[in-house]
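Here's the structure, in structure tokens; my notes come after.
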Amino acid sequence: MPVYRYPMPKGSEITPEKVFLNRRQFMAGATVLAAGASLPSTGYAQSIDDYEALNVAIKDSPYSTKDPANPFEDITTYNNFYEFGTGKGDPAANAGALTTEPWSIKVGGLVNNPSTIDINDILNSPELEERIYRLRCVEAWSMVIPWVGIPLANVLKKYDYQGDAKYVSFETLVRPEEMIGQRSAFGLDWPYVEGLRLDEAMHPLTILAVGVYGKQMPNQNGAPIRLVVPWKYGFKSIKSIVGINFVAQQPPTTWNLQAPSEYGFYSNVNPGVDHPRWSQKSEKIIGSGIFGSRRQTEQFNGYKEEVASLYEGMDLVKNY
Amino acid sequence: MAQSKLWTKAPTWVVYSLGFLPAAYLVYGVVTNSLGPDPIAVLENNLGEHALQFLLLGLAITPLMRFAKINLVKYRRAIGLIAFFYVVLHLLVYTLLDRQLDLNAIIGDIWKRPYITIGMSAFLLLVPLAITSNNFSIRKLGAATWNKLHKIVYAAVILGALHYMLLTKTWQLEPIIYFTLAVLLVASRKFYPKRKKQTRQNPQTSKTQTA
């Protein structure tokens with residue numbers, strides 16, 4: 001199957017910053033329009049041209065899937081990002097309010113050289129690369145997304161973490177004045193927190209993503225920087241990260257706190273372990289229309305060869 | 001019983017036409033491919049929600065008459081049948097489009113997933129009601145038996161709303177509102193004001209009259 005390739009824009013084609021910023025005003029107007037519609041409409045999705053291009057050399061990664069990627073519109077209008085509402089269209093409608101500049105990530109915990117990473121250091125990193133991953137949501141759907149990011153290991157290995165650091169914890173921004181979902185009395189506790197075992201965090205498949213389709217990350221997808229762990233259910237891939245900590249104990253994770261029997265710490269994609277309320281054997285392919293097909297869910301979302309060794313000897317039914 | 005003439009003027013076909021509008025809107029969405037990246041879920045969720053809305057509307061007819069003296073009984077059959085129409089479409093989208101007639105998956109769902117077990121029970125409860133929603137059945141069964149049979153709708157609405165509440169990942173406002181309305185409408189049947197031989201604007205005077 002041919003791999004989708006998008007043309008890299010010339011410098012002259014890159015959206016001027018002023019136009020880019022106007023996007024927010026456009027979004028504010030669009031939100032009002034969208035509120036009047038009774039059906040979730042995709043009419044307010046911005047065009048890919050509104051996003052600033054990242055300086056990334058596109059090369060095939062052995063970790064990328066060969067399956068065709070979903071269009072930019074699918075990726076940016078069908079989101080789970082409860083900070084901006086629980087509907088799939090809510091993040092596209094509401095995330096325009098989020099300010100992502102300036103942005104920094106505090107790295108600390110059991111580390112001898114804690115520091116703060118400026119987002120620009122990653123946005124301008126020569127180590128950015130494209131990874132085309134299938135995102136398998138715990139809700140039994142999937143889509144293929146061409147992320148741009150940097151292996152998390154490249155960032156973590158700059159830190160002199162202590163011997164008893166066994167896990168890495170992550171934290172999302174809390175800013176209720178810009179994140180409408182955080183003002184709701186219903187739903188999750190904030191901040192959204194996630195965690196990985198240190199060896200999972202260091203695995204070359206695990207990336208910190210800063211863009212899609214060669215452009216900076218749209219707000220609704222977790223701008224400006226998010227985790228992507230392709231062999232785990234989507235909710236492990238925490239968005240809009242402001243904190244990373246090396247810790248000794250397995251850290252609390254948001255969905256596990258919400259419903260421990262439904263969402264485990266590991267949450268590896270596993271067709272053999274059903275969610276208590278729905279089957280995980282197959283997944284709906286997003287973007288395939290009303291007569292679209294389903295596909296059989298793969299163990300570790302297709303990365304069995306790369307990651308199965310991390311869980312050798314572990315009971316994956318018990319450690320769901 | 002005194003009633004506002006305005007309410008009963010519209011012929012029933014107007015109610016049917018209005019009732020099918022949301023379905024037409026969804027069909028339009030399918031044809032123009034404007035339901036977003038996951039049109040099946042949009043169809044499923046909207047059809048299910050419309051079914052609940054019409055069921056609740058049907059359940060509101062009697063309380064409206066008893067508490068507010070607005071008599072819309074004429075339209076109740078239409079409203080109930082429209083609700084059933086949305087339930088059937090909702091079920092068809094689930095079995096044909098979502099599960100693609102994978103019978104093992106569907107039976108597994110009904111057997112193992114409480115929210116689907118509950119939804120399916122609500123559907124089964126509604127089938128005899130839809131079948132008997134005609135004058136012939138009322139004559140055949142007798143008004144008293146027919147009335148008793150159609151009280152099943154109370155259970156169906158509450159199960160339907162529960163079905164919605166159990167499928168979301170977190171507590172969300174909308175399903176809670178539907179469930180609360182369903183419970184309130186069913187419970188309101190216990191609190192009807194006593195019917196008098198003569199209805200008066202002033203209940204105080206009517207009380208002394210009948211005493």
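Heads up, the Cβ atoms here are built off N, Cα and C, so glycines get one too.
If you look up TrEMBL, you'll see B:12-31 (among others) marked as transmembrane segment.
Annotation source TrEMBL lists transmembrane segment at B:51-68 (among others). Non-local neighbours of the transmembrane segment (B:51-68) in the same chain are 19, 75-76, 79-80, 82-84, 86-87, 90, 153-154, 156-157, 160-161, 164, 178, 181-182, 185-186, 188-189, 192-193; each lies 6+ residues outside the stretch with a CB under 8 Å from one of its CB atoms.
Positions annotated as domain 'Ferric oxidoreductase' by TrEMBL: B:59-160.
Taken from TrEMBL, the feature transmembrane segment applies to B:75-94 (among others).
Taken from TrEMBL, the feature transmembrane segment applies to B:114-131 (among others). Non-local neighbours of the transmembrane segment (B:114-131) in the same chain are 80-81, 83-84, 87, 91, 137, 149-150, 152-153, 155-157, 159-160, 162-163, 166-167; each lies 6+ residues outside the stretch with a CB under 8 Å from one of its CB atoms.
Here TrEMBL flags B:152-170 (among others) as transmembrane segment.
Using a Cβ-Cβ cut-off under 8 Å and counting only residues 6 or more beyond its ends in the same chain, the transmembrane segment (B:176-192) has close neighbours at 49, 52, 55-56, 59-60, 62-63, 66-67, 154, 157-158, 160-162, 164-165. The transmembrane segment feature in TrEMBL is assigned to B:176-192 (among others).
Outside the transmembrane segment (B:152-170), and at least 6 residues removed from its termini, the chain residues within Cβ reach (under 8 Å) are 48-49, 51-52, 55-56, 58-59, 80, 87, 114-116, 118-119, 121-122, 125-126, 128-129, 176, 178-179, 181-183, 185-186, 189. Listed as Cβ neighbours of the transmembrane segment (B:75-94) (distance under 8 Å, sequence separation of 6 or more from its ends, same chain) are residues 10, 12, 15-16, 19-20, 22-23, 40, 43-44, 47-48, 50-51, 53-55, 57-58, 61, 122-123, 126, 129-130, 133-134, 153, 160.
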